[in-house]
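J.: As listed in TrEMBL for this protein:
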- 77-293: domain 'Cation efflux protein transmembrane' (DOMAIN)
- 299-372: domain 'Cation efflux protein cytoplasmic' (DOMAIN)
- 1-46: region 'Disordered' (REGION)
- 76-97: transmembrane segment (TRANSMEM)
- 146-166: transmembrane segment (TRANSMEM)
- 178-198: transmembrane segment (TRANSMEM)
- 235-258: transmembrane segment (TRANSMEM)
Amino acid sequence: MEPSPAAGGSETTRLVSPRDRGGAGGSLRLKSLFTEPSEPLPEESKPVEMPFHHCHRDPLPPPGLTPERLHARKQLYAACAVCFVFMAGEVVGGYLAHSLAIMTDAAHLLADVGSMMGSLFSLWLSTRPATRTMTFGWHRSETLGALASVVSLWMVTGILLYLAFVRLLHSDYHIEGGAMLLTASIAVCANLLMAFVLHQAGPPHSHGSRGAEYAPLEEGPEEPLPLGNTSVRAAFVHVLGDLLQSFGVLAASILIYFKPQYKAADPISTFLFSICALGSTAPTLRDVLRILMEGTPRNVGFEPVRDTLLSVPGVRATHELHLWALTLTYHVASAHLAIDSTADPEAVLAEASSRLYSRFGFSSCTLQVEQYQPEMAQCLRCQEPPQA
């Protein structure tokens, strides 16, 4: 910094660039540290989406729900409306028939309505953008909604099992066979309708960076699951459990209608088919726990991903390889790539990222490129994790 005389004998501090000291004739080219008040301040540059960037392989996704989730929302809206109407009908029919089995079916439908509304809320919540606290966004709210759906079914089923056990111990109840038969028949039709609505195939999944399923290019794409959305899948499992129970209730109502002395078929059917409903939640619960425990995504193997990275020219070793999922369709990968000293890091990064996106459908990949060191072979932190 050098003082420069200004008007009136005062001094103004000016910044001297070191490169400017060697100019012709030893003159100093001085740059003022301050801008003139009359000069307008430069406008802040706003971030714009570029057609291609060094690390952004895809264009910025549009705001709002994806086509798959829009389809899932329509399915849930339709199924929730059907479920609510027939639930009200079963409550009335079960009350008139004095049937515990009908009331249990209505209670299951009530649990379905609650779980579907929770799923719709989680779908809306998942569209919120990422923040500095929720850096991945709110995608996992879908998984939490599916978990709440399963837990609610378990709670309702536990209460109904208790009531069925009490009825088996005490026979002081009467059942109207005709009302029970009519209500059970309507319940079967309602559950069939809901199962059809929830099982309709959604829009096809891609296998790019937003793809849903693992499908190596060499093997050809797999058929995508018809229920890729976790919330829809959980609701569909709920409906399947209710459908099984509805068939059981229908069989029991036919028996009671023609043989009133066999009224014990009402709590027995409740007991048996409630257990079946609990068992039907196992696949959804397994997927939810796998996601919440940061497990490797379904249909994505550790070894194929590792071998794909090692096949990139210039890569000598990989370590710190992590694979996990935010939802059934949002897969994430991160890894360290140890490369030769002669390899181009930018080329290795681009090729490795491209292979992971195209072959495994990861939604996000974070790769760190570093020079290979012989000591990595003995480093404990650089070793692969053991088999589970």
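From the backbone N, Cα and C atoms, a Cβ is placed for every residue, glycine too.
Any TrEMBL annotation is an automated prediction that lacks curation.
Tell me about the surroundings of these features in the structure.
T.: Taken residue by residue, the domain 'Cation efflux protein cytoplasmic' (299-372) breaks down under DSSP into 25 helix, 28 strand, 21 coil.
Distant neighbours of the transmembrane segment (235-258): 75-76, 79, 99, 101-102, 104-105, 108-109, 111-112, 115-116, 119, 149, 153, 175, 177-178, 180-181, 183-185, 187-188, 190-192, 194-195, 198-199, 227, 265-266, 268-270, 272-274, 276-278, 280-281, 283-284; these residues of the same chain sit at least 6 beyond its ends, with a Cβ under 8 Å from one of its Cβ atoms.
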J.: Short question: which residues 6 or more past the ends of the transmembrane segment (146-166) have a Cβ under 8 Å from it?
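T.: Distant contacts of the transmembrane segment (146-166): 100, 104, 107-108, 110-111, 114-116, 118-119, 230-231, 233-235, 238, 241, 267-268, 270-271, 274-275, 277-278, 281, 284-285, 287-288, 292.
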